[in-house]
Ligand code: HSE
């Protein structure tokens, strides 16, 4: 009889319950495929009574040491989220000889190097498929399927909540707040949805993908992310009129001697795959030398899709698969200075009688050598799509517009996908 593997799971929210449910439902398949029966021996969570109603046969407690100090438990699953106490739980589990499976993107994006180094030191494995893009096996794709490729560019829709909100705003005139409430009700959003809508969650996920693809440090930099809170239904309307769909895009690109990294609401041409990734679905497009362009699509949030990734990691561990810890090649890759980035831009100027001032705005763009591709003027809105230009020149032109028109003007800007 193959040895049974005992698991301790910290966290019993949407994802933890998903793991419990899918493991129970598919126990036989999982045993056959992994060669071991897997049993969740201990669950650690805050609301013990509520957890008991859901999982009556597990040992449910509220002390993380019940997992860390149990020699029978060989794998610690961390699905609590947040930094404290998740980080010390994982480090102590590693030090006590346990392998770890975590879905914690915020933790890995900020302390990944420390955690992977500790795992390497103790000859333990830390798996994290569920940390990026929910159930899509994108970590496996990068580490295994594309292992022989040079990666040039990763473009992702990595946050189910934001994609749900933006898709709803494109489909009908629903407000941002109502769409967010619905996403929370469906269990997609973080405990604090600010992480979703301000782009931080997407930034955490891109940091992990970029570390795997380019060796950049697990060092999330919030100055490089912009969320979707300023996207209005008016911008959605103009994007549609110009043939675009607004998506929160995460892009990491290898340039000649640096990596550019950005998260921002972006206009995506309507006739591309990315534009058709709707609701809470996620997608990742990877450009690499041998394979060319590959596309990965699936559910990016929610209990069972995320559980699918956690359980895939558990199966990997049970099979004894070994992958080396994904340490970053610290300082080997410089991030591209933001002002060296070149993009096409969408810009909407909103002010009373702005439509009569189109000539002045065109003149300002010309002074900064910014060419206009398309233009629309209606209802106190002047909307432009520019040709590609440097971020430097573009922000100087915006400053000049602001100074010329004063307080009365509202300026809405978004990037356009190359
Ligand atoms: N809040 C995240 C999202 C959950 O909406 O994508 C999955 O990481």
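Using N, Cα and C of the backbone, Cβ positions are placed for all residues, glycine too.
Per TrEMBL, the features are:
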- 205: active site, proton donor (ACT_SITE)
- 105: NADPH binding site (BINDING)
- 190: L-homoserine binding site (BINDING)
- 11-129: domain 'Aspartate/homoserine dehydrogenase NAD-binding' (DOMAIN)
- 137-315: domain 'Homoserine dehydrogenase catalytic' (DOMAIN)
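Secondary structure by DSSP for the domain 'Aspartate/homoserine dehydrogenase NAD-binding' (11-129): 59 helix, 22 strand, 38 coil. Reported as a whole number, the C-alpha separation between the residue listed as 'active site, proton donor' and residue 105 (NADPH binding site) equals 6 Å. Separation of the C-alpha atoms of residue 190 (L-homoserine binding site) and the residue listed as 'NADPH binding site': 11 Å, rounded to the nearest whole number. Counting every protein chain shown, the Cβ of residue 205 (active site, proton donor) has 28 other Cβ atoms within 10 Å.
Using a 10 Å radius centred on the Cβ of residue 105 (NADPH binding site) and all shown protein chains, the other Cβ atoms total 28.
Taken as a whole, the domain 'Homoserine dehydrogenase catalytic' (137-315) shows an average pLDDT of 95 in this prediction.
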